[in-house]
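Record features (TrEMBL):
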{"type": "BINDING", "residues": "LEU9, ASP89, GLY92, SER117, VAL118, LEU168, LEU229, HIS254", "note": "S-adenosyl-L-methionine binding site"}
{"type": "DOMAIN", "residues": "1-244", "note": "domain 'Tetrapyrrole methylase'"}
Amino acid sequence: MLYLIGLGLGDEKDITLRGLEAVKKCEKVYMEAYTSLLSFGLSTDGLSTLEKLYGKLITVADREMVEEKVDSVLSEATSFDVAFLVVGDPFGATTHTDLVVRAKELGVEVKVIHNASVMNAVGICGLQLYRYGETISIPFFTDTWKPDSFYEKIQRNRELGLHTLCLLDIKVKEPTWESLCRGKKLYEPPRFMTINTAIEQLLEIEQNCGDRGESAYNEDTNCVGLARLGSEDQKIVAGTMRQLLAVDFGAPLHCLVIAGTTHPIEEEMLNMYKLKGV
């Protein structure tokens, strides 16, 4: 049996009772560590805290392992129970359908245990979940690579009056270009996009794409910045893009919502998160 287990968003205690029972009976436990991180994943003793609560040794599964060596994990699941832990929900912001399909092809039974993800927890800001349009991802820009494909998606959402959830880039165990050229991988330090960087990049793209037609947003567009969603110290601030640029949201992980047309009830809730004096 292969168990795909959602861990929720806060820390190791957010696992469900059903998920914890499954982990405890598995012989091998892997933790996916490249699409997101729990708060304990940012500390040096975080994994040991998780292992202490779950009572199991945990193998960290980075992108390289999941993409290139996952067959060994599935092979183990043909002989004994294996748990694959995923931050949030296994089919939340990043799906693991490929893992399920490959398991089925090998005759491995798969059981999914769901949990909260950013896709539903974002509702805490007051913008109603059924009024969201297509979710987008914002990657880190480089000097030579500044993709803008998400701009049209925001534009479509805004035209329909829908809110846009922006998932911000994280870089964990990314090989450097130099090391790839030399054939020996060296990895960049982990990086986590902030709400401030995301807004700066959005406004840069707006300058370039706004000339093509009707503007999708501007500095006065209302947004909500959410940091460490699901944690005890989560931070939620509502305001215009210009206002949020000046806010220190603290440690990762961050996400951003670009508001569409708001209902009076949504506006009442947003007012709770507005900056004092605004």
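Cβ coordinates come from backbone N, Cα and C, glycine included.
Taking each Cβ in turn and tallying the other Cβ atoms within 10 Å, the top scorer among the binding-site residues LEU9, VAL118, LEU168, LEU229 is LEU9.
Confidence across the domain 'Tetrapyrrole methylase' (1-244), taken as the mean pLDDT and rounded to a whole number, stands at 87.
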